[in-house]
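According to TrEMBL:
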TRANSMEM  A:6-30  transmembrane segment
DOMAIN    A:20-443  domain 'DUF112'
TRANSMEM  A:42-67  transmembrane segment
TRANSMEM  A:122-140  transmembrane segment
TRANSMEM  A:147-180  transmembrane segment
TRANSMEM  A:200-220  transmembrane segment
TRANSMEM  A:263-287  transmembrane segment
TRANSMEM  A:321-347  transmembrane segment
TRANSMEM  A:359-378  transmembrane segment
TRANSMEM  A:398-423  transmembrane segment
TRANSMEM  A:430-450  transmembrane segment
TRANSMEM  A:470-492  transmembrane segment
Amino acid sequence: MLDFSVILAGFADAFTPLNLMFVVFGVMLGQFVGAMPGIGPVMAMAIAIPFTFVIDPLPAIAFLVGINKGGLVGGAVPAILINTPGTPDAAATAMDGHPLAQQGKPEKATKMALYSSVTGDTFSDIVLVTISAPLALVALKMGPVEILALMVFAFSVIAGLVGKSISKGIIAAALGMLAATVGLDPEHATPRYYFGYFELFDGLSLAAVAIGMLAVAEILRRFASSKKGSAAAIPPQKDMAAADRRVSFAEYWACRFTMLRGAAIGTILGALPGVGSTAAAFMSYAATKKSSKDPESFGKGNLQGIAAAESANSAVMGANLIPLLTLGIPGSVGAALIISAFVIHGIQPGPLLFEEQGRLVYGLFGAMIMANIANLFVGQLGLRLWSFVIRAPESVIFSTAILLCIAGVYLATGGLFGVIIMLMAAALGYVMTSFGFSPVIFIIAFFLGGRFEIALSQSLVLLDGNVLALINYPIALALFAIALITMVWMIWTDRRKDA
Amino acid sequence: MKRFIAVACATLLSMAAPAMADEWAPDGPIELQIGFGAGGETDTLGRVIASTIEEQTGWSVVPQNKPGGGGIAMFTGLMNQDADGSVIGMGVSMPVLINLTLRGDQLPFDLDSFDYLGTVTRAQLAIIAQADAPFDDIASLVEYSKEQGGVPVAFDAKPQELMLMALNEQTGAGFKLVSTKSSAEMVQFVLGGQVDAAFNAGTHIQYLQKGDVKMLASANADRHSYAPDVPTLQEQGYDLYTDPYFYFAAPQGLDDHAKAGLAKALDDAIKSDNVQNVVRNAMQNSTNNLGPDGTKKMMEDGLKSVGDLFN
């Protein structure tokens, strides 16, 4: 057990004006790039890492944590205001956030996103600081078979979002799975569907497909349907009641169980490497919708929907650091970038980190707490800026957004090839939406499909292809059973509703 | 903009060292294409080397990530660039050699499509198991696997899979081959008890020091610096090894002056404390620059030995 004085010394190291400055600067940068459709905090971190060579480890890591956390808040902004989520997890936020913004309440929607994001983030940080070590040991026991069962369970919950037509939902999911099989197969590295392009060996870039399908397709739709280019993206409402511009404490408090559930889902999935924030956001959203007394109001600007998505996807970030700090295993690209920052500064994350660098780790925790507070304050100011910006004419907003998407994907994928993939995904997204197929379902299936295939192939080897061998995996069996019950229950409640 | 950068570089150069007048210098910024995505080991190494070269020479070196196919996408693009030293590439030898062996007829390049400039280091590959596992070397692991009717062993790259298949063939161990995505995932599987043994390229070292895992063999041609007592697979009687190098290359046809200038700049950067530290921190390893000729030979010998693995 760590000496208490080390913990105190670590926090004391963190709470200095210099670190505060780096955290606040990081949060501002993160919120800004997060709000740029197509760019996002991961890229900002990748670009910022070389600049941190010259500063001390703690401010350097505090800066990166600030960017990462700021990005969680910023990412919700374009999703809500102009329905162009830059990442799949923000697509869950857009489902209720954008309708609310269209009703003339963009500030209310973004503020709800800010508060629930900070709430979920703080929850997972508390879990990280207090019980990360035992949680990491539990996570270790989650092998491929258990992860496979967990993903089946996640699919069964998310299936509740398919919408009116189950067949169209299944087709969208199957197409997403198909897109996930492009590239070298995970078992024997045989190339599939690569059409002679070696760029496809690693599969279709998630950034290119997600930005194309979610953001660019929406921008194209707006271009196509705009009658005159001078209208504001969101019509300003001059005589708006104050209550429609802010989130009252009563409204926040009404979402407390939703946020708690979202934060718990995000923390659990975040502690398991590779499942990620997209599954968390949609599971939380689907669970909230299913358990609501008024599921019809979701997708039409329900604050609960925003709270569910944002609390879950933000909770993933803190929890991603659990396997990172205790085992040296990055749970996401953002966490992998934090590892490389550690390594560049001569610190090797892993089992010895707490013993050898305990003071630094608690300094990092201190920086995370500062970043959460900074997020709240910077967010308050930043959201005002964004709700001012979107009063600009639609033609300006969307042409800027499409430029940012192209630049962002060019950077993220290292060339024009990714941009072409993005445009193809945009065209597919446009066609799918026009015919009533959900691009969001496609993206979820695409995002989880790769991981699902790996877990499936690993499980088949471990089980020798024998389903009966599952008996040795009680956790997995339980998860499969819960998945089955969830599916039966959902079909049952849908039937009753129709009857 | 280009002209501005060129002028800025020229100014910097003239300020930096008049003594270097007879040495080669680029006309403008050098683009360093990294064959992997941002944030990985190769990317980290490449970016540190780029910034070190900038510091030491005053040149402008711009790192660019060109991920895809373990470097194949980057090298495919690189071979068509001007051979004037303005674009160089950084990759890892093994995936390139494997692809040349498996589908060389489909690739637009071969080993002669490039001029080689040097290597940074060699990745150290180990075979590990939980510390309290009932075996200590490959022979006893094989015995254990036979008793259990085949135990799962994890790998994350083609050469490792081929080595396991060769071991199965030579010994009848019956290993079950579990494919993973990274060293970190393999350590996780070993610690979690999902597999009985696994390859590893560095993540395991801390666990080794802490006593959670033990090392059964080095899968390189030599023993590892941090574990000098653990013999290689070859020393244990299995004629198998893999030596993946991080290396630099330029499009073929670089003139000797430029080649020597670039190779020297790289070598100076690789010798710097900065790069040495990152290599030590990131992979518990020391730098190892084979130089232009040594790199070319390493690639040619490597292609032969990979060919042998597949036969």
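Heads up, the Cβ atoms here are built off N, Cα and C, so glycines get one too.
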Tertiary contacts of the transmembrane segment (A:147-180), as residues 6+ beyond its ends and Cβ separation under 8 Å: 203-204, 209, 269, 272, 274-275, 279, 282-283, 285-287, 289-290, 432, 436-453, 455-456, 458-459, 473, 475-480, 482-484, 486-487, 490
Selected stretch (most C-beta pairs under 8 A with the transmembrane segment (A:42-67)) from A:200-220, A:359-378, A:398-423, A:470-492: A:359-378
Candidates A:263-287, A:359-378, A:398-423; stretch with most C-beta pairs under 8 Å toward the transmembrane segment (A:200-220): A:398-423
Same-chain residues near the transmembrane segment (A:122-140), Cβ under 8 Å, at least 6 residues beyond its ends: 259-260, 263-264, 266-267, 270-273, 311, 314-319, 321-323, 325-327, 354, 365, 368-369, 372
PLDDT averaged over the residues of the domain 'DUF112' (A:20-443): 87
